[in-house]
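Asker: Pasting the relevant annotations from TrEMBL:
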type	residues	note
TRANSMEM	28-49	transmembrane segment
DOMAIN	42-297	domain 'G-protein coupled receptors family 1 profile'
TRANSMEM	61-81	transmembrane segment
TRANSMEM	93-121	transmembrane segment
TRANSMEM	142-159	transmembrane segment
TRANSMEM	205-227	transmembrane segment
TRANSMEM	239-260	transmembrane segment
TRANSMEM	280-299	transmembrane segment
């Protein structure tokens, strides 16, 4: 660990993780590893069925395939590092590796925010303007929409990472987190971070606030349209086409706002416990949502269930 009275630049960081709770490390290693394997399997299967099954050759399932690939990338950018920290006593990460990991995590998170709003727009057109759906959501439209989500997320991650890593780190090099989470890294800078704070605020408005508004407005119109359908069966079928996406949105944003919006404890003992709780909530937030997404879409969507069943039969026949 670099002493706080030294002025030499930091070449590596120490990831604190659960170092203060060694008994928990092996337990959480097994739990997180199991959840990571479920993420790889579940999202991998969804990607396969959206590519191989012609019934899923629609914009909604194209976006779903992108979401599954994104979830695999997001968890792979952080979970292996976290698992390694549970097993090794020396929990260091090189400065350059920290920058790469920060970029990937930030890019995947920002991309998912945009992609979920794009998927909400797709459901809006499908339910509120079904006669023009094939015209509005043509391949020439939905492919660039998905690509734009990835480009936007990558560009903002590049900006935020470069702004963070150009700062001088000449004191404490201990990151009180499992990974190189950008806010935890900024706390270690020995320079003014006002530019970073302003930039992060603008980014949060663009990649959190705007998508939430777009999703909210989309579902206001969707629900209003569904309620005007005269038959109960018609309303049920219409709602079933967007219920999976709505559930994913609630899980994604609900856990996010719970994690960052809950009140802070003021007493020292409570602060220590809250620090552990914050770390665990952050850890599970990074794996629970990607793990639940394929489960939600498989349980609430007949087309996906049918495609998964067909893939299972095909694999069994091949074996």
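Backbone N, Cα and C atoms are what each Cβ position is placed from, and that goes for glycine too.
Owing to the predicted nature of the structure, the values given are computational and were not obtained by experimental measurement.
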Asker: Using a cut-off of under 8 Å between C-beta atoms, tell me which stretch among 28-49, 93-121, 280-299 contacts the transmembrane segment (61-81) the most.
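Answerer: Stretch with maximum Cβ contacts: 93-121.
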Asker: Counting only CB pairs under 8 A, let me know which of 93-121, 142-159, 205-227, 239-260, 280-299 has the most with the transmembrane segment (28-49).
Answerer: 280-299
Asker: Where does the mean pLDDT land for the domain 'G-protein coupled receptors family 1 profile' (42-297)?
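Answerer: That region's mean pLDDT is 87.
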Asker: Using a Cβ-Cβ cut-off of under 8 Å, list the residues of the same chain that are 6+ residues beyond the ends of the transmembrane segment (239-260) and lie near it.
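Answerer: Those are 60, 67, 112, 116, 119-120, 123, 126-127, 208, 212, 215, 219, 222, 226, 278, 281-282, 285, 288-289, 292-293, 296-297, 300-301, in sequence order.
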Asker: Is the transmembrane segment (93-121) packed against any residues at least 6 beyond its ends, judged by a Cβ distance under 8 Å, and which are they?
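Answerer: Residues packing against the transmembrane segment (93-121) from afar: 10-13, 15, 60, 63-64, 66-67, 70-71, 73-74, 77-78, 81, 145-146, 148-150, 152-154, 156-158, 160-161, 164-165, 169, 179-182, 185, 203, 207-208, 210-211, 214-215, 218-219, 245, 248-249, 252.
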